[in-house]
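Here's what Swiss-Prot has on this protein:
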- 1-141: domain 'Globin' (DOMAIN)
- Ser3: phosphoserine (MOD_RES)
- Lys7: N6-succinyllysine (MOD_RES)
- Thr8: phosphothreonine (MOD_RES)
- Lys11: N6-succinyllysine (MOD_RES)
- Ser35: phosphoserine (MOD_RES)
- Lys40: N6-succinyllysine (MOD_RES)
- Ser49: phosphoserine (MOD_RES)
- His58: O2 binding site (BINDING)
- His87: heme b binding site (BINDING)
- Ser102: phosphoserine (MOD_RES)
- Thr108: phosphothreonine (MOD_RES)
- Thr134: phosphothreonine (MOD_RES)
- Thr137: phosphothreonine (MOD_RES)
- Ser138: phosphoserine (MOD_RES)
Amino acid sequence: VLSPADKTNVKTAWNAVGGQAGEHGAEALERMFLSFPTTKTYFPHFDLSHGSGQVKAHGKKVADALTNAVSHLDDMPGALSALSDLHAHKLRVDPVNFKLLSHCLLVTLASHHPAEFTPAVHASLDKFFAAVSTVLTSKYR
């Protein structure tokens, strides 16, 4: 559960990302594919090379979903319901992959925004990504 301080930290950190969210999403996906090669199996139709238009487009989708979640911190299950259905029923993504992407997102954000990435912000973003992952895997049961 995100505390009021966590919510403030998440909103502040995401605002710092600003118009770079799509680029950061794509970079996090690239990190995930390189660090955890088994995640590539969910994207057999993608060109997974560095700078790929398909990875950039999917990175923007990831970033847009996270922006939506940040805008609905008090109702993430409602805001992400359709995305949860998609990943659980159609795409059948193994839930562990959300943790892997969350880690790669944290690394990407820390590398681009070191001044804003304090220990408190790191902890709040980690809790936020865990909450998003929980929502996205809630329809698996």
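Cβ atoms here come from the backbone N, Cα and C positions, even for glycine.
Where Swiss-Prot records a feature, it is marked here on the structure.
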| residue | record | Cβ within 10 Å |
| --- | --- | --- |
| Ser3 | phosphoserine | 10 |
| Lys11 | N6-succinyllysine | 15 |
| Ser35 | phosphoserine | 12 |
| Lys40 | N6-succinyllysine | 13 |
| Ser49 | phosphoserine | 10 |
| His58 | O2 binding site | 17 |
| His87 | heme b binding site | 21 |
| Thr108 | phosphothreonine | 23 |
| Thr137 | phosphothreonine | 19 |
| Ser138 | phosphoserine | 16 |
In three-state DSSP terms, the structure that Ser3 (phosphoserine) belongs to: coil
Distance check against Ser35 (phosphoserine) for the recorded positions His58, Thr108, Thr137, Ser138, keeping those with Cα within 10 Å: none
Mean predicted confidence [pLDDT] for the domain 'Globin' (1-141): 95
Largest tally of Cβ atoms lying within 10 Å of a Cβ, found at which of the modified residues Ser102, Thr134: Ser102
For Thr137 (phosphothreonine): DSSP state (helix, strand, coil): helix
